[in-house]
Amino acid sequence: MRRYSIFAVAREALRYHSGWEKAWASPEPKKRYDVIVVGAGGHGLATAYYLGKVHGIKNVAIIEKGWLGGGNTGRNTTIIRSNYLQDPSAAIYEKARSLYEGLSQDLNYNVMFSPRGLLMLAQSEHEMRGYKRTVYANNLQNVETRWIEPKEVKKLVPILNIAGPRYPVLGALLQEKGGTARHDAVAWGYARACSDMGMDLLQNTEVTGVRTEGGRVVGVDTSRGSIDCGKLAIVVAGHSSVLAGMAGFRLPIESMALQAWVSEPIKPTIDVVVMANLVHGYMSQSDKGELVIGGGTDGFNNYSQRGSWHHVEETTRALIETFPVISRLKMLRQWGGIVDMTGDRSPILSKTPVDGIFVNCGWGTGGFKAIPGSGFAMAELVAKGYSPLAAEFGLHRFKEGQFIDESVAAGVAH
């Protein structure tokens, strides 16, 4: 496949862009693959990519019941950060953030990574103490964060109301290397790279069953026929429990809707990501000028990709007190995705009771920011049976009580 470059853009401009190749192939499924990855979102595609790049396993199929990146990867608010409290969390998220820095060059695809900085506002004494604790922990974890006072917060975000009577800003945790990336580009870049390595991307192919023999996986049944495999990676976010049920085991997760919405485009107003966990809201500005706003999960289990209007009202009302200038903006569109929540708000990257089946799920509200690190660790787990990054995120922790409590760092998810 031809590499993208400024010279390729110039060449295609001269011939009216008629010579671009398809970014990825759409082949018919083969009878057997060494590894089948179910889920062509960011995590599934990254897993396949690092299986090929790092471990040399290229006889891989990525199966997607819909279209590539049509799940949570294309429905999130694109925030990237690694300022987590617990050591295992900080390690995998910082690995992801560092991979994002060079991902455009690695994939030869511009993922539009923008390390614009990220603020987590402390709007109560409790939050202030908690964020200072996180800063101290991050310093020990080699994650660059620092505490800043209200005056510096106001300097970074002039439109912020730091002296509101209900939600005063007492300071903020700042991660200057945090930021955003283009979610579609991340999925498309990984898909293109996987296809270039000879992997098969099977869209509109629903898995209807998992076949096992003697306690080991041997293949899957799909809407396009049966496919044999040596190993199976389940990477389907909110539908992980459905696939696990097909294989005969249960997962300690629950699925909920998480939604986001954007305003009409306005001139550049805010050039950092701002998270206000006390009011369950966060906001950034897109390249097109839209204010991208996210809120909390619905308070009940569901598989709706719409969310509920009361969350829009509650979050917007609280953010207006924090950012009064946005009160007259119109909402342009709203959408939702299905997030998979664990009890300790940390992910699951693990072997399963069925030999040869691996699961990557439970990322909750933090899935997009973890894509490269998650894929790197999952690929190592599938290829070698063990990954240092994934070791503490196994299913065993729920049986043994070795929880990785990230209910505070997860922000809007607790």
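Including glycine, each Cβ sits where the backbone N, Cα and C put it.
Site annotation (Swiss-Prot, ligand FAD) includes Gly42, His43, Glu64, Asn72, Thr77, Ile79, Gly364, Gly367, Lys369; from Val207, Val210, Val217, the additional listed residue is Val207.
A distance of 8 Å separates the Cα atom of Gly42 (FAD binding site) from that of His183 (tele-8alpha-FMN histidine). Between Gly367 (FAD binding site) and His183 (tele-8alpha-FMN histidine), the C-alpha separation comes to 11 Å.
Under the DSSP three-state reduction, Gly42 (FAD binding site) is assigned to helix. Put simply, of the binding-site residues Glu64, Thr77, Val207, the one whose Cα is nearest the Cα of His183 (tele-8alpha-FMN histidine) is Thr77. Of all Cβ atoms in the protein chains displayed, 23 besides its own lie within 10 Å of the Cβ of Val207 (FAD binding site). Mapped onto three states, the DSSP output places Val207 (FAD binding site) in strand.
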